[in-house]
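The transmembrane segment annotation in TrEMBL covers 6-21, 33-55, 61-82, 94-115, 121-141, 161-181, 187-210, 230-247, 253-271, 283-302.
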Amino acid sequence: MFSILSRAIGFLLIIYLGYYLKQRKVFRREDGAKLSAILMNVTLPCSILASAAPLSFSFDLLFPFFMGIIGNLLLDGIGYHFEESKNPFRRGIALIQNSGFNIGTFVIPFVIAFFPSRYMMTVLLFDTGNSIMCIRGNYLIAERIIKGKQQQSVRMIFKKIFASIPLLTYLLTLLLSLLQIQIPQLFLNIASIAGNANPFIAMLMIGVLVDFHIEKCAIRLLVKRLLQRFILMGLLAGIVYATFPISLPSRQMLVLCLLAPISTLGPVYALQLGSDRSELANLNSLSIFVSMILLTVLSMCFV
């Protein structure tokens, strides 16, 4: 328990470090884009490689996999639908800012600390569906909203999907895992050096982008976004827990996954789509506070 709380506090301190360095002019807000480039092209792919684990297929695993995708699509929907502005750009950014689940940084440490290792499979399969949406799916939906329904060939669509280095890395490791092919340990050791820096780079980037000087109207919007996310995911978690025809441990793990913080890739893709607002980083930081409380309470109840 102490290790989980200390880890969470550490992440929040890294966010503050990024903010402090920006205040001291060591970083500029524009440097957030450079940090995001390092995250997307170096540390995240290496982290995916280093954490690859063998998977054995069964139909029960389809439930958490598709729930990872469905959860993202629902969050995309409420972000788009509840955006007051009808401007396509604002709606596209609203869609992506509240989507995704940060499973690797927050949920997995809880599962490791509180539950048997066999429970991890459900979390990993949920994160597989979640990663497909976080790494590229949500971005392509938001881009289509912002740029309009342009005529695109199948080749162009696939080119955009597979332009993502993290997604290509994820699909490769997933294929190797399903085929029970082991990546050489030497290669994994090298990848883990950069992969271990992934949480630090992600939290530092959020700190560089975050702005603690929030206007009253912005506070209202942030609270509204958080309520939309956690109320919807809370209802979905309740439905999953009460009705899904899978084992109780699997349902418990899905509940934890659905209440995870917002993915750190939201601010990254918002920058790529042209947003320069600090709202996304602020929302991400606040979601960590809320989620940490929920995950701690639920983990103690489920044990």
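Just so it is clear, glycine is given a Cβ too, placed from its N, Cα and C backbone atoms.
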Original post:
Going through 6-21, 33-55, 61-82, 253-271 one by one, which has the most CB pairs that fall under 8 Å from the transmembrane segment (187-210)?
Top reply: 33-55
Original post:
Residues of the same chain, at least six outside the transmembrane segment (33-55), with any C-beta under 8 angstroms of its C-beta?
Top reply: 61, 104, 121, 124-125, 164-166, 169-170, 173-174, 176-178, 180, 182-183, 187-188, 191-198, 201-202, 204-205, 208, 264-265, 267-268, 271-272
Original post:
What stretch of 6-21, 61-82, 121-141, 230-247, 253-271 shows the most Cβ pairs under 8 Å to the transmembrane segment (94-115)?
Top reply: 253-271
Original post:
So which residues does the transmembrane segment (61-82) touch in its own chain, when a touch means Cβ under 8 Å and the partner is 6 or more beyond its ends?
Top reply: 55, 91-92, 94-101, 121-123, 125-134, 137-138, 141-142, 145, 224-225, 228-229, 232-233, 236, 240, 244, 246, 250, 253-254, 257-258
